[in-house]
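These come from TrEMBL:
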ACT_SITE  Asp104  active site, proton acceptor
BINDING   Glu23, Asp72  Mg(2+) 2 binding site
BINDING   Lys31, Arg45, Tyr57, Tyr141  substrate binding site
BINDING   Asp67, Asp72, Asp104  Mg(2+) 1 binding site
BINDING   Asp99, Asp104  Mg(2+) 3 binding site
Amino acid sequence: MTDEFRIATGLPQYDLTFDMTVEIPRGTKNKYEMDHNTGRIRLDRTLFTSTQYPYDYGFIEGTLGEDGDPLDSMVILTEPTFPGCLVRCRAIAMFRMRDEAGPDDKVLCIPTADVRRDYMDDIDDVPQMVMLEIEHFFTVYKDLEPGKSVEGASWTGRTDAEAEIRASFERAKGTSYEHLKVDLQ
């Protein structure tokens, strides 16, 4: 959806939009990861718990999170997509957590082209049940896996999410992840 269309129809415009690559579609226990050397999707593992990914999960293109991988993201969609699908998004919140390797933040996103979600602008606009479902998933999805853990989980709003995205773009400069360029609006 173009800015011209949003202006003409009175829909909101956004300061920061970005591309998210979906690695894992909603409703699966399989954990797929992008092989950044080949650009192919690889099956990493099947979750040990009975949980499934509640929404499509992947990473924000051209970023480097504090964990040394592209910044993780989850996008609220009506239907699941597929591994490798590119979705133009905007951030509305961030789930801060630590795993066995350190900080592992997850940006919660909305597709920019989905006018049904335009009312979601910040963390206070996300239905509480959606937040609880996501929080529950991330606090238990590594249970039963030897040597893996999650701790220190909490939610923060859009301002912090956008600050982390911008910091992650900066961290990616000069790395192999920088080639995944995005056009920030």
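Even glycines carry a Cβ here, placed using N, Cα and C.
Structure with TrEMBL features highlighted.
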residue	record	DSSP class
Glu23	Mg(2+) 2 binding site	strand
Lys31	substrate binding site	strand
Arg45	substrate binding site	strand
Tyr57	substrate binding site	strand
Asp67	Mg(2+) 1 binding site	coil
Asp72	Mg(2+) 2 binding site	strand
Asp99	Mg(2+) 3 binding site	strand
Asp104	active site, proton acceptor	coil
Tyr141	substrate binding site	coil
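The two recorded residues, Asp99 (Mg(2+) 3 binding site) and Glu23 (Mg(2+) 2 binding site), show a Cα separation of 19 Å. Between the listed binding-site residues, namely Asp72, Asp99, the fewest other CB atoms within 10 angstroms of a CB are found at Asp99. Each residue contributes its Cα atom, and for Glu23 (Mg(2+) 2 binding site) and Tyr57 (substrate binding site) those atoms are 6 Å apart. Of all the recorded positions listed here (Lys31, Arg45, Tyr57, Asp104, Tyr141), Asp104 has the Cα closest to the Cα of Asp67 (Mg(2+) 1 binding site). Listed recorded positions: Glu23, Asp67, Asp104. The one with the lowest count of other Cβ atoms within 10 Å of its Cβ is Asp67. Separating the Cα atoms of Arg45 (substrate binding site) and Asp72 (Mg(2+) 2 binding site) is a whole-number distance of 17 Å. For the binding-site residues Lys31, Arg45, the ranking by surrounding Cβ atoms (within 10 Å, all protein chains) places Lys31 first. Apart from Asp67, Asp72, Asp104, the Mg(2+) 1 site neighbourhood in this chain, defined by C-beta within 8 angstroms of the site C-beta centre, holds Gly65, Glu66, Asp69, Leu71, Met97, Asp99, Pro103, Asp105, Lys106.
Within 10 Å of the Cβ of Tyr57 (substrate binding site) there are 23 other Cβ atoms, across all protein chains.
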